[in-house]
Amino acid sequence: MSFDNHLVPTVIEQSGRGERAFDIYSRLLKERIVFLVGPVTDESANLVVAQLLFLESENPDKDIFFYINSPGGSVTAGMSIYDTMNFIKPDVSTLCLGQAASMGAFLLSAGEKGKRFALPNSRIMIHQPLISGGLGGQASDIEIHARELLKIKEKLNRLMAKHCGRDLADLERDTDRDNFMSAEEAKEYGLIDQVLENRASLRL
């Protein structure tokens, strides 16, 4: 995750060995909180993957909390996060704050069943994968890329159908165009398990 260092607060902690300064995200990582903020890119995905692997090494039996505020982005980068979430031993609880769109929504749905949350004013959007950038070249190359895109679309729909507890036909229909949902609508659809009004409403 990339942030402007001038905008990231620093937390000072006192211990028997004196003072220690943490940027706020490193401090929250100690609480097993991982953030995905902004577009899903190779860089942001690598940082998330590294943090997930680190937290597993610290304690393989304790949940990890994955906070998502993302408009989506690269499918391959997102799938590296998805595969790591499934690869590691700890349960990964997901929470949407702000928005989870496209690959962000896919990752939100991929949290541990019963531990997928959204704050009440979050927006969730699902759709079919897009080709990033202009696609040019020979007709045969364009055909190859089109076939690959259809394979990716089918795979994402199958996986999301599994996570949402829905038929594949539902996902094929509902991702045909941009499909925006409120937190409550995302819960009804099966993308999340609970809308959190406040911390006291959390049920695990």
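Note that the numbers count up from 1, one per residue, in the order the chain is shown.
Quick reminder: no glycine exception, Cβ is built from N, Cα and C everywhere.
Under the heading active site, nucleophile, Swiss-Prot lists Ser102, citing sequence analysis as support. Neighbour list (Ser102 (active site, nucleophile), Cβ cut-off 8 Å, at least 6 residues apart, same chain): Pro71, Gly72, Gly73, Met125, Ile126, His127, Pro129, Leu130. Ser102 (active site, nucleophile) falls within neither a helix nor a strand when secondary structure is assigned with DSSP, and so counts as coil.
The active site annotation in Swiss-Prot covers His127. Secondary structure from DSSP puts His127 (active site) in coil.
Using a 10 Å radius centred on the Cβ of His127 (active site) and all shown protein chains, the other Cβ atoms total 16.
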